[in-house]
Structure formats: structure tokens, C-alpha cells
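K.L.:
Structure provided below as C-alpha cells; questions to follow.
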Amino acid sequence: MDTQAFKRSLHHSDRYNRRGFESPTKRAQALEKAYQSNLIGSIRDNGYLFEHGRLRVKLAEAFGFCWGVERAVAMAYETRRHYPKESIWITNEIIHNPSVNDHLRNMNVRFISAEKGIKNFSSVQEGDVVILPAFGATVQEMKLLHERGCHIIDTTCPWVSKVWHTVEKHKKHEFTSIIHGKVKHEETLATSSFAGTYLVVLDLEEAQYVANYILGKGDREEFLKRFSKASSQGFDPDRDLQRLGVANQTTMLKSETEEIGRLFEKTMLRKYGPAELTEHFLAFNTICDATEERQDAMFSLVDEPLDLLVVIGGFNSSNTTHLQEIAISRGIRSFHIDTPERIGDQENTITHKPLGDDLITEKNFLPEGNISVGITSGASTPDRVVEHVIHKLINLSEEKAFVD
């Protein structure tokens, strides 16, 4: 499919909207009323520091809702106001935050059901309104909805759209797109649908495996088996790894994406020499500013003298998971929670998700004596949720009893 031609056609349709329905001022006011926090605002004004009794809280200097998330959430809410009686669907979670998605359900916005990763659009009818989430949607989904006569409200983050343009550029010039991302993540699924030939690598280890193969140090059958679900149809590593362009899922760890880019540039330089490098490797810049800012702020936060660190965000949120990885890399006790309710009301307990593991409940997670707690949150977490977490910590810090 000529994805660029399809997008041009879609964007000119009177059933497609990517600008929303309300003025930026009204949109900001509605979002502020729903999610902003006076407490968090005052903590920002106080150098991101809050102290109460024996509790000292240090916030990361960049956290929470990014511009792309704010835009997507606001557009989703105003869509219901604009279409008060119509059937409204959304192709996936608007963002990876349970409270925001629950609010949409309460507004009678229905989520497209999926079984084993396959979405069922059979209930969506002509004239229905369908919201595309901040992560975007695959070009095949857009085409299906457009041909069915749906009204499409596109809240895709512009940074994600930028990555789509990058992989389309790769396709136009017959380069294979190496996509640094999680193969089942909604954003990576959407990005790969706009690519031509592509290969998804999860991390530096997988990228090194691919680089070794390029340099003649791999087994073809093993390669094909390893990337059978992470490559374009008919992918041939002997044919398709000769001309490479790099792109990424915008929420991946910035430093790792940059390292992967350098690895493939050096690999192609080694194989083809400096005179032919530009014929075999395309430089890239698809790292999201907001992701970069939050990760940089996290690196600064972990340099603080902290007893523990709380990372707030959806358990399926890629950008939140990478913030947790930074804390772990520094050996700091850290707890990834998705809602304030994971912290006990009176008992000194926290139910959290260790990296790559299931939920566990830890007793006596707040130590005795003075406590220094670092807090950050993913790009899909409202300030009001962070405020509720701080109130939970205040209450527990005032409690005397520890759990046996």
C-alpha cells in the first residue's frame, strides 16, 4: 500500500479530524479542572521539594503528562461533548493510565475488543465515531474505518507521526527500517504498518545479534526463528540487512536508542567503508523530546540522597517502565505502582510491580526515622494522581505501627 497517498486522501476527508473541536484555551481549562493539582504546582514552585514531619519528598523536575498526552486526552473528552448521542469507539487505550481510560468508559466511550491481539471491528457501524489513541493506529485499521464510513478522530501524538514519516522515507529509498521498540506495543505495531521492510529489536543485545549477523557471524535459520514475529513478511536477512535506517518507539530509553543507532552505523561502516556509508545507513532523529526530558530528570533524581523511589504509571506503559529501569540501575529501592490505591491507607504496605515480574505486596516499605522519597511519573499520569500518592505517604509517615 502507498501509505503516504492513503494518508493524504484521509486527511482531506470531511470524516477525518486531527485538530479537535474546541479552542486551545477551553481544552486546557477542561483538562486542568479534571487533572491538575494545586499541591503539585506549589511543590514545583518550591524547587520540586516537599517536607512534612519526618517525610521529605523530592519530585523529578520533569514528570507526568506530556503535551502529546494532554492533547490526546483533551480531544477524546471533547469528542464526547461534540457528539453527545453518537456511538463512540476507541481502537485502544487512549493512554496507558487506568483512571483516564476508566473515565472514558464512564462517558460511554467503548473500547474495541481484541482476542489474541486481533481486534474485532464488527460492531463498528457506518457513521460511528472512532478515536485513534495517542499511540496511533495501524494503517490497515485506518483504512478499514475510513472505508466503513466512520468519523475518525485522530489523537496520534505528532512525535509518533514523525516516526511514521521516517520509516516511509526508508521505504521510499529502499532501506530496511530497524525499529527499536517492543514488538507488541501499539505504537510499534502502528509504525511497522507504515514501513516497508522492517525488523524490530527490543534492546541493545538484540541489536548486537543483528550486527553480528551483518558481519557474517550468525546462523540464518536461527535468525529467522528469533525474529519470526518481529519482522516484515518475507524478511530475508541476507538481502534485507544491506541498507538500514533506524527508527524507534518514542517511549524507549533514549540512551539505548542512541547506542543502537551508533552500533548499526559502525557496523555498516565496517562492512562497506566510509565512501559507501550513506548508501547503506540513514541517520535518524526520532527521539521524543518529552521522553528525553523525563529520562534526563530521572537521572538527576537518582543522584539525590534517597531512601526509596516511587514510579507512578500504567504497568503497560513503556516510558514508565524505562524510568523504573533507571532507578534499578542505580541500586535504589524502587516501587512501580499504577494507582495511589496500591499504597495502604493505614498499614505500611505497598503493592507494586517489580520489573518483568508479577505484582507483589511489601510490608513496612517506609522505614522508621526520617525518610527521603523520590517520586516520578510516566507521561500518561496526571498530576492529581501524584498528589494522591503524596497524601498516602504523608498519612503513613504519621502512623506509628508497623505491619507484623
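Glycine is treated like the rest: Cβ placed from N, Cα and C.
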K.L.:
Say Swiss-Prot lists H96, H185, T250, S317, S318, N319 as binding (2E)-4-hydroxy-3-methylbut-2-enyl diphosphate: which of S23, S37, S380 is in the same site, per that record?
P.N.:
S380
K.L.:
Need a hand: Swiss-Prot gives C157, C288 for [4Fe-4S] cluster, which of C66, C150 is also on that list?
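P.N.:
Only hit among C66, C150 in Swiss-Prot's [4Fe-4S] cluster site, alongside C157, C288: C66.
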K.L.:
Using a 10 Å cut-off between Cα atoms, which of these binding-site residues sit near E187 (active site, proton donor): H96, T250, S380?
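P.N.:
Correct set: T250.
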K.L.:
Tell me the Cβ neighbour count for S318 ((2E)-4-hydroxy-3-methylbut-2-enyl diphosphate binding site), meaning other Cβ atoms within 10 Å of its Cβ, over all protein chains shown.
P.N.:
24
K.L.:
Let's check the environment of C157 ([4Fe-4S] cluster binding site): how many other CB atoms sit within 10 Å of its CB?
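P.N.:
I get 25 for this one.
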K.L.:
Could you tally the C-beta atoms, other than its own, that fall within 10 angstroms of the C-beta of E187 (active site, proton donor)?
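P.N.:
Here the count is 26.
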